[in-house]
Amino acid sequence: MATPSSVPLQPIYPLQKVPTITIGHEPSSPGYHGHYSNYSSPPYTAFSDGRRKFLLAIITAAAFLAPVAGNIYLPALPQLSVDFRVSRVAINATVSIFMLVFAIAPLFWGACADFMGRKPLYTISFLIFVLANAILIFIPANYGALFFLRILQATGASSVASLGAGTIADMYEPKIRAGAISIFMLGPQLGPVLGPVIGGAIIGGTSWRWIFGFLAILGAAIWVWMLFCLPETLRAKVGNSAIHADKPWVAFPNFHARAPIKPGTIIMKRPSAMNVFKLLKYPPIVLVSVNVAILFGSYYCVAVTLPTRLRYEYHFSETAIGVAYIPIGVSMIAGSLLSGRYSDWDHTRAQRASPDGKVAPENRIKSQLFGVVLFPVGIELYGWSCYFAFHPAVVLTATAVVGFSMSWVFATNTTYMTLAKPGQAATLVAIASLFRNPAASLASLVIDPIVTKIDMSCILIVIVLIWYGPGWRKNIEDEMAAEKAKAAPSMGAGAVGVSAVSLAPSTMQR
């Protein structure tokens, strides 16, 4: 009987033609293009560049729907208060519960996605969202039912916050990931801006029930799009997605796709609440999350006070107030896209300058300095222009500066979270969401006196991360190595050579 050490090793990936890189030229995509060699290592992803962009469009559209669902509801609050025969405080509670669930639920979706896969959770969560909205179209005016269905709405919609970042980490290698993240972030950033505009247009022309009808129709369309066009991408299940490369872009859903796993791939254990607490003990993860929370909370101060200022100081109509959010939206698009491109360019430059070609994830944090310095400038300009009743163009310019600088930081922050601890991208992005959304609620209570002082602390956070981040992350890597060494003896002699799959805290070998 052959001993484990004498068993011939089978290649993790069968020999196949994969692209080679010509010196001085790099293919636009790590998919199957250009010259081929039988001896090249497998590419990071087998998807073509065109298909990656197609899949990125799907998850960006899905990410847009979630914040729209939270904000499209706002113009209808006075009418809902009358129809449901409750106080404004009670009807406002349905907004608060949505925000609370939207902050917490991504932790569940993210932890499950890093273990179960992306596609099943996309399917389940969006089905919950569509059904909740469909029921709200026809439900009698019952406050308890409305409250419960808003919880279901938020639960279903919140999944993309973490699943989307995980999907991008599956498809895009670190050197070009920030650019993809910057596009994905357009969904969550534009949703809060366009939601009230869409809601106001609907409530102005028809019943508030069509708000939920709009969400149900749009959600169902995206659900079908994901069901038939978005394959499983979790690297612990399908590797570099080579099993999908030659299949049509539109296909019958397959929830059981599996492929041989490349050595070094991290495979998660079953999700547990303790894993979240373990992640929170690492300073880089907490500091990045706090940084996001401070900026988003401060932005929310601007978003909440802007309609009141424009209405009573400048006598804007409801339609004009909606149009006034356009500068914020445009600046967010510009900030996110430019930040992602700059971060990837800076990463490539650092990689070429490095003797071993390796770049620490904290390099992504350096490019945030521009955003965190510019952000308090925008907040100050907004505050003083409102206080002295400057021309509305000055007020809207200030909001554009705030939106641009916040998006600049968010793109690189999210990219860093996907790199900080391999194998747990979705969970880490969910942790950032846990900090971000409660901060928005709290910020509206302390708007004027301390917002600028808090914003200035973001500069200190970025500097601390640049200085101490590599050492803190080294502690994470040491713990991963210790867990791997601890698990190896339990697998028996020779087993490590047969299955070289990396272990980390809360991870396992398949």
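Cβ coordinates are placed from backbone N, Cα and C, and glycine is handled just like the others.
Automatic, uncurated: that is what TrEMBL annotation is.
Positions annotated as transmembrane segment by TrEMBL: 54-74 (among others).
The domain 'Major facilitator superfamily (MFS) profile' (55-510) scores a mean pLDDT of 80 in the predicted structure. TrEMBL lists 55-510 with the feature domain 'Major facilitator superfamily (MFS) profile'.
The annotation transmembrane segment is assigned in TrEMBL to 89-109 (among others).
Here TrEMBL flags 121-141 (among others) as transmembrane segment.
According to TrEMBL, the transmembrane segment annotation covers 147-169 (among others). Note on the transmembrane segment (147-169): residues 55-56, 59-60, 62-63, 65-66, 69-70, 93-94, 97-102, 105-107, 109-110, 113-114, 118, 121-122, 125-133, 135-136, 139, 177, 180-181, 184, 187-188, 215, 230, 233-234, 414, 417-418, 425-427, 429-430, 433 of its chain, located 6 or more positions outside it, place their CB under 8 angstroms from a CB of the stretch.
If you look up TrEMBL, you'll see 181-204 (among others) marked as transmembrane segment.
What TrEMBL records for 210-230 (among others) is transmembrane segment.
As annotated by TrEMBL, transmembrane segment applies to 279-300 (among others).
Packing against the transmembrane segment (320-339) from elsewhere in the chain are residues 178, 182-183, 185-186, 189-190, 193-194, 196-197, 200, 303, 306-307, 310-311, 367, 371, 392, 396-397, 399-412: each is 6 or more residues past its ends and has a CB under 8 Å from a CB in it. The transmembrane segment feature in TrEMBL is assigned to 320-339 (among others).
According to TrEMBL, the transmembrane segment annotation covers 369-390 (among others).
According to TrEMBL, the feature transmembrane segment maps to 396-416 (among others). Listed as Cβ neighbours of the transmembrane segment (396-416) (distance under 8 Å, sequence separation of 6 or more from its ends, same chain) are residues 165, 177-178, 181-182, 184-185, 189, 288, 291-292, 295-296, 298-299, 302, 306, 324, 327-336, 338-340, 343, 361-362, 364-365, 367-368, 370-372, 374-375, 377-379, 381-382, 385, 429, 432, 458.
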Out of 89-109, 210-230, 369-390, which stretch touches the transmembrane segment (279-300) the most, going by CB pairs under 8 Å?
369-390
So, do the transmembrane segment (210-230) and the transmembrane segment (121-141) meet, by the test of 3 or more Cβ pairs under 8 Å (sequence gap 6 or more)?
yes
Counting Cβ pairs under 8 Å to the transmembrane segment (89-109), which of 54-74, 121-141, 181-204 comes out on top?
54-74
